[in-house]
Protein chains: 2
Amino acid sequence: MTLVGDHSTGVPMRAEVEARDAADPLAHLRDRFHVPEGLIYLAGNSLGPAPLAVFDDMETALRQEWADGLVGSWNEAGWFALADRLGDRIGALIGAEAGQTVACDTTSVNVYKALHAGLSLRPGRTTIVAESGSFPTDLYVAEGVVAGRPDVTLLLEGVDGATLEELIGERTAVVLVNHVDYRTGALRDMAALTRRVHEAGAVVVWDLCHSAGILPVALDASNADLAVGCTYKYLNCGPGSPAFIYAAHRHHETLRQPLSGWWGHAAPFAFELGYRPDAGARRLLCGTQPILSMRALNAGLAAIEDVDMAEIRAKSLALTDLFMDLVREPCAAHGAEIVTPQAAAERGSQVSITHPDGYAIIQALIARGIVGDFRAPNLMRFGMAPAYLSYHDIHVAATALVEVLESESWRDPRFAARRAVT
Amino acid sequence: MTLVGDHSTGVPMRAEVEARDAADPLAHLRDRFHVPEGLIYLAGNSLGPAPLAVFDDMETALRQEWADGLVGSWNEAGWFALADRLGDRIGALIGAEAGQTVACDTTSVNVYKALHAGLSLRPGRTTIVAESGSFPTDLYVAEGVVAGRPDVTLLLEGVDGATLEELIGERTAVVLVNHVDYRTGALRDMAALTRRVHEAGAVVVWDLCHSAGILPVALDASNADLAVGCTYKYLNCGPGSPAFIYAAHRHHETLRQPLSGWWGHAAPFAFELGYRPDAGARRLLCGTQPILSMRALNAGLAAIEDVDMAEIRAKSLALTDLFMDLVREPCAAHGAEIVTPQAAAERGSQVSITHPDGYAIIQALIARGIVGDFRAPNLMRFGMAPAYLSYHDIHVAATALVEVLESESWRDPRFAARRAVT
């Protein structure tokens, strides 16, 4: 196969790419994942692949813990403590000291808790500020929160003001913001924005769905207040795997959230009549967690937690740079535009490209074994996960994209039909 | 082994019990479950045993769907539709026509949605009525709801009035009630109470945690409004398996619930800016569901859904009668009291017995392979699941309880230590 770049100047050549793979300190991580033969998987920003260790873990969870251990496994297999133990391990990957993060529920439910917790920390303040370009569920949930709080208004960047900063003021209670934009891959400066929010006397809720596990996140060092995120993207913990929620130690005693179920009680098995929140991060829990899905988190976290996140970030930037370098000119020549910021400090780990026929182009790539994804109306997303992608993979994927664009093979009618869910 | 009853009069004899097993039309169901060798499992009212089909299902979910199918499985493996499809199957077991039940989240989170939905259906009304003897999480969540609704008060049976009926009046918006009491096993008359609630102009939320899958539930026929329940007890769907929530068709258009996440949106993949609830029961959904845990529901439901619920109920009553007949006199003679109602129409499928040393007695029984459970301060619970228990099992279990009581073998110090979680 002739790869793009081989006959050009200024873009990497096959030999250069192979040399990078040979020198890659993370190359061995690929053996920890199941990536189907013949597939180059660039949709890990949507659903990460299965870590190999998950098969044995689930066998243990099913046969030893549930089938044989039965109800005793709540103690003996440590099921009840999974929310904290896994939470602390997620915390270690996002710059949170132990005791501040719990694994539970869904990102949407955790956004709901976090927004209410934020409001409880800033009584008397009357606005929640968010991004109109947020992943929609954050906004839908924020709508649900303000619908129950007639004293609170939801203000949106891009609707009520051009920038978040313009909307943050003395009335702001909570700023809900995505660390990495799910569409463009743009990365916010967590420390700077958190400082800005605090200067206004508000608290911030960081949505880490597209940054947890793929770049260094420094919640504690940034003095963040609250955070939520999912574990099924770059943390590779399984489809719809339980999410997480973080609250800084300093807020634990004060914060309240209305999903006050028994798992958040200070003494859940005392069966007291009244709710009394746990002193720590467990007050962010609500009901009994889905243990089989929770048990899959171990393998996902174990697959990357012994790696320096700075190394993952370095390779992530190198992979995204390589891809952008290879496709930039052909994209421009064929009506496609890279919308991911070019500066390393301003982007996460995906390359997003718009094209009016993006849906068909993604289908044409999938037919060639290159799996990216599409978001309406015109966005193609290519997630770059250093744990299971090589420079060669990226070279092949970029070549395929260029060929699909140049040959217009996406015009084949079989690539036109839209599926219900993408 | 000499079994109780063999040398008495008025209680069943070994031969009679064996004859019942030989004639049991549900005896074959036991082959659908993994019950560890040597165990008589009477804690299915807490966590049901593993249906054998779950092992293959989970292998498929892990290897074919996640590992090989990757992100495409949201469509191709039908993951996105699981909430409705499994919900409809649960609905069929609780007397609900299709399109009214979704499988999702936890019972606690669903209680939160249901109470808010109930309030939205009765604007201007100012009380929620519940039972002080409710499983505590229902009350904790109700507290969370009223904390955010200064116009609404939570009234408790047993605290603010002796009976629910006394508390239901023209101010009542929602009555939250357990179909079967988790402590005593007492069963409410669903049709009668629903009628009473409707006469007062209120709506009712039924908590079916201890009745779904074990006795005929007639939500539609009772004209119920809302219901919630778990799937990990008598539905045998796995530890912490996703719960369910039901809303009667007639309420779909009107009801609102604040956990308005993207899965409840009318067009979740259109990524619209504003929340627009789905026209049907999906408006009760919130975020992305834990698929591995969801996938375990199929086997649990399949294991009983081809059986007439009336047959399950008949055997359940026979098993509980047998157990109570065998232990009643010895219990009375040794300071233990059966607190489960004797009348068939007034109880679910557990036998609950109080004893000051109930904890140690349960431990002594577990040491003999008889697994019941204990709830503070003095309650022993024995759940009777017809799908995997024989009359002989119950005879053996009753004999063991009688022997432990008569010999006071529970005084052995190794049975005294309390575990953190029971």
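Yeah, the Cβs are placed from backbone N, Cα and C, and that goes for glycine too.
TrEMBL: automatically predicted annotations, no manual curation.
Listed features, source TrEMBL:
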BINDING   A:Thr107, A:Ser108, A:Phe135, A:Pro136, A:Thr137, A:Asp138, A:Asp207, A:His210, A:Tyr232, A:Trp262, A:Thr288  pyridoxal 5'-phosphate binding site
MOD_RES   A:Lys233  N6-(pyridoxal phosphate)lysine
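According to DSSP, A:Thr137 (pyridoxal 5'-phosphate binding site) sits within a helical segment. Between the CA atoms of A:Lys233 (N6-(pyridoxal phosphate)lysine) and A:Thr107 (pyridoxal 5'-phosphate binding site) there is a gap of 12 Å. In sequence order, the recorded positions from A:Thr107, A:Thr137, A:Asp207, A:Lys233, A:Thr288 that place a Cβ under 8 angstroms from a chain B Cβ are A:Thr107, A:Thr137, A:Thr288. With the fewest other C-beta atoms within 10 Å around its C-beta, A:Thr288 stands out among the binding-site residues A:Thr107, A:Thr137, A:Thr288.
Taking every pair among A:Thr107, A:Ser108, A:Phe135, A:Pro136, A:Thr137, A:Asp138, A:Asp207, A:His210, A:Tyr232, A:Trp262, A:Thr288, the residues recorded as binding pyridoxal 5'-phosphate, the greatest CA to CA distance is 30 Å. Just so you know, of the binding-site residues A:Phe135, A:Tyr232, the Cβ with the fewest other Cβ atoms around it within 10 Å is the one at A:Phe135. Mapped onto three states, the DSSP output places A:Tyr232 (pyridoxal 5'-phosphate binding site) in coil. Here the Cβ of A:Lys233 (N6-(pyridoxal phosphate)lysine) has 27 other Cβ atoms within 10 Å, regardless of which shown protein chain they belong to.
The local packing around A:Asp207 (pyridoxal 5'-phosphate binding site), expressed as other Cβ atoms within 10 Å of its Cβ over all shown chains, amounts to 27.
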